Amino acid sequence: MASSHDADTAGITRRKSLAALAGAGALGLAGCTQSTDGGDGGDGSDGGDGSDGGDGSDGDSSLSGPINIAGSSTVFPLMSAVMEDFAEMHPDVDPDISSTGSGGGFSNFFCTGDTDFNNASRPIQPEEEALCEENGVEYVELIAATDALTVVVNPDADWIDSLTTEELAQIWRSDAAETWDEIRDEFPNEEIERFGAADTSGTYDYFIEAILGEDGHTGDYQATEQDNTIAQGVAGSEYAIGYFGFAYYFQNPDQLKALGIDDGDGPVEPSLETASSGEYTPLSRPLFTYPSIESLGEEHIAEFARYFVEQTTNEDLVAGDVGYVPATEETQEEQMSILEDAIEQAQG
Amino acid sequence: MATDNPNADGFGEVSRVRGIAFEYLSFGASVFGLVALGVLLVYVAIDAFDLANASPEWLLTYFLTLVGPFLAFCLYSANDPEVTRRALGALGGGLVVVAALFSAIEAFVAPIPRLNWQLAYLFVVAAPTTAYLAYVGSRGRLGAVGFGLLGRLVGGVAIGLAVGTLFLVFDALLWFLAYTLGVLPAVGLYAFGRVRSAPRARTAAAPVGLVGLTAAVFLRDVVATYPSDLIIYLWTIAVPVAAAGALLVADRSGRTAGVLVGGLPLAVATAGGFLAAGAGLPAPTVLLVLVLTGVPTAAYVSRVVDVGEGVVGLALPFLLAAGVIVGALIVEALGVPAPDPWLDASYLTEAPSRTPSEAGLYPAIVGSVIIIAMVAVLSFALGVGTSVFLEEYTPESGPLGTLTRILQVNVANLAAVPSVVYGLLGLGLFANLLGLGIGTAVTAALTLSLLILPITIISAQEAIRSVPDDLRRGSDAMGATRWQTTKNVVLPEAMPGILTGTILALGRAIGETAPLIMIGAATTVFRAPDSLFSRFSAMPMQIYTWAGFPQADFRYGVVAAGVITLLIILVGMNGSAILLRNRAERGS
């Protein structure tokens, strides 16, 4: 009995479901069709003239395509903030960004032609230039913003307020001082605990260039790419010292104490003002991004590069949201003309 | 002889101290790990849901409207006065003990950060008691029905979302052609062959399907006009699911019930899909969620009504929904300050942002789900294939046997290779040499599959090895070929073990960051990937980046919400695999 019953009901329902299928098919025919000629928009577009205000209202919505960016973790917050706005304006542009460190980005991705931009917290180095040349990757250098490399100590360390550049070098060079009283006699006789940037980081390279020079960086320190780790290490000990980009200190001013740096004209504390006025030397440094010229030949990438340079003077974004020093109007004009030349070269 | 026997004067005394000490040591070891994990999860949950800012009134409101009725339901289902007494004792006594202990620690030892005694009570007493009662309640018929219905609702939504996510990258138009030309005719032929017992039709099914699939690939670019996405999903997924549900139920309880079970959810889903399209929501996903939730739910309700036992249990989802709504109304009416959780709807549906309150995980969630789905398929197929070959087909002695053993040792060693090495392999082999692209979903899925392949192989081998040889010999004695024995005896018997290993391995794959960094997966993307060859980000990558942001809101709130999301998806994935495994265990 069971089997005949099964076959019977199964047959009926199958018929019913076929009817339902037919109904759905009819619906499909009745309306709602799409065609498949989507493809590659964006090449024939006029592409805006770049120098117009940059409020985003000119949003050329015909732009489309991916933008691949890698590089410095210091520039990462700035670049990803600009990308966020650009992605909102152009729904068909598909940007992505990786935080690989300046050197890692150049050698693994940019100079092998896999990314369109590389961010760097120091200028490109000779061996990276050679690698790029070897692979036929041409690029231009754009200044993104200015960072004030910040030297921090524990907020409880009331015995220290500033250091001269020589004292800083004594703490961080390869034959570094062991205890604080070797630096200055009135400092306590306690061991120095050092927290700094890892050697893949542009911050590390810049610190060597600006402070240590030939002496080289000590290996006796906690090296990391994460500013949090440095901050937590320094916050954990009264005799610790660390350095990192200004953004972390800017967002958490109470957690750590920033030291004034004395480059011969008295101690200057890091701030947006002292860094943009040029008083905070030698630790205020430019941040860069390197677009590949070949990529600039694509209109959506050229437009993004223009948008980025426009945004480098945007105080709310660069200083307020990210914590870097915005570019001046002159710098921006200079960068824009460099960029326009490169775009012209690329799009010929 | 008697003089040599040390036990000549009886057995003497054996010290039990060592045994007792060992017992407590092992107890301590297990408690240490669990408590550490528990504390971590409690703090992550507090950050993610902003519970530190939840007022006691808010907690009390929801305890009374949501947790209380749920506990009552479980107790009613368990119908055991002893359990009731114990539960009330734990809840009441726990309140006093936790409050007293917490105040004592705060007063005499050290203040406990970000925690108050109400929260401590919630996590230390209320949550375990609820879990216990849910377990006890689910053993009664009433509770079983309630949880069964709840499970189908939640599971349907999860599967609907997952399928919707997968179709973000898989070409819906190609799938439409493949289904229409390949899958449907093949299934039709096969079913026809079974019903009319025409073996030729059944044999023809596979070739017909293959021809259809090939034709679909060729026609993909030739055909210029397609139905809209909504129609495609309706035709290729909703209708078959509804039809399958209808057939199943019609088999069991007659054709009216079958038509109802298939047709009602289908109608609701279709209407929902078109309404969603009008409202600007992602219509295909709405359709999929509704139909994949509706059909199993309807089928389950029909079965429960047929059986006629524990029908009241079907009220459980309504009880919970009512609890949430009433709680929200009371909170609104009394103006109780409610917490503002980081993990909310916008977090799950928005792109990352530089502002913590606007930051979302959506593109990374989609990336992770797609990768893990591909990894699951790849590693299961490759792992089971390899282990079946190694266990069933290779000889055990001779030069080939030695080779097999060498291979086995190497596979076992591969399981211990650090994941960074697999990342390098992926970068060199898949991304550069095979040209699959740096940081694409395909490269990532292949790399992660390789990474967990040794674990899958080893566990599948263990499972296959544990199938008693008697079964194989018995099958041989019946005249079965080796393929028939493997297919009908060994694999069904070993399936639960194989699935267990795969689940563990997948859990590892979803949390991996190092290989993804090596193959150049993006840290942040702003759109969900739309093809297998687009750059993507995965949840661990995005969470790691946020952990390095300078703003405290990112490091605590947003990261915690990400961790919870990752855990929920992991639990969902494991849960479905465990359900599959239990089904396989019951079947064998």
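Positions of Cβ are set from backbone N, Cα and C atoms, glycine also.
A TrEMBL annotation is a machine prediction, not a hand-curated record.
Only residues 6 or more beyond the boundaries of the transmembrane segment (B:24-46), in the same chain, are considered here, and those with a CB under 8 A from a CB of the stretch are 52, 114-115, 119, 123, 560, 563-564, 567. Positions annotated as transmembrane segment by TrEMBL: B:24-46 (among others).
Per TrEMBL, the feature transmembrane segment maps to B:58-76 (among others).
The transmembrane segment annotation in TrEMBL covers B:118-137 (among others). For the transmembrane segment (B:118-137), the list of distant contacts is 38, 42, 45-46, 51-52, 54, 56, 59, 63, 67, 70-71, 73-78, 80, 83, 87, 90-91, 94-95, 98-99, 102, 112, 143, 146-147: same-chain residues at least six beyond its ends, Cβ to Cβ under 8 Å.
As annotated by TrEMBL, transmembrane segment applies to B:173-192 (among others).
Annotation source TrEMBL lists transmembrane segment at B:204-224 (among others).
Here TrEMBL flags B:257-277 (among others) as transmembrane segment.
Sequence annotations record features per position, and here TrEMBL assigns transmembrane segment to B:283-302 (among others).
Taken from TrEMBL, the feature transmembrane segment covers B:314-336 (among others).
Per TrEMBL, the feature transmembrane segment maps to B:361-390 (among others).
Residues or ranges marked as domain 'ABC transmembrane type-1' in TrEMBL: B:365-577.
The feature transmembrane segment is assigned by TrEMBL to B:411-430 (among others).
Positions annotated as transmembrane segment by TrEMBL: B:436-458 (among others).
According to TrEMBL, the feature transmembrane segment maps to B:556-580 (among others). Residues 41, 43-50, 155, 158-159, 341-343, 347-348, 356, 359, 361, 365, 368-369, 372, 499, 502-503, 506-507, 510-511, 539-540, 542-543, 546-547 of the same chain sit 6 or more residues outside the transmembrane segment (B:556-580) yet have a Cβ under 8 Å from a Cβ within it.
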Sequence-remote contacts (6 or more beyond its ends) of the transmembrane segment (B:173-192), Cβ cut-off under 8 Å?
167, 198, 201-202, 204-206, 208-213, 215-217, 219-220, 223, 226-227, 232, 235-236
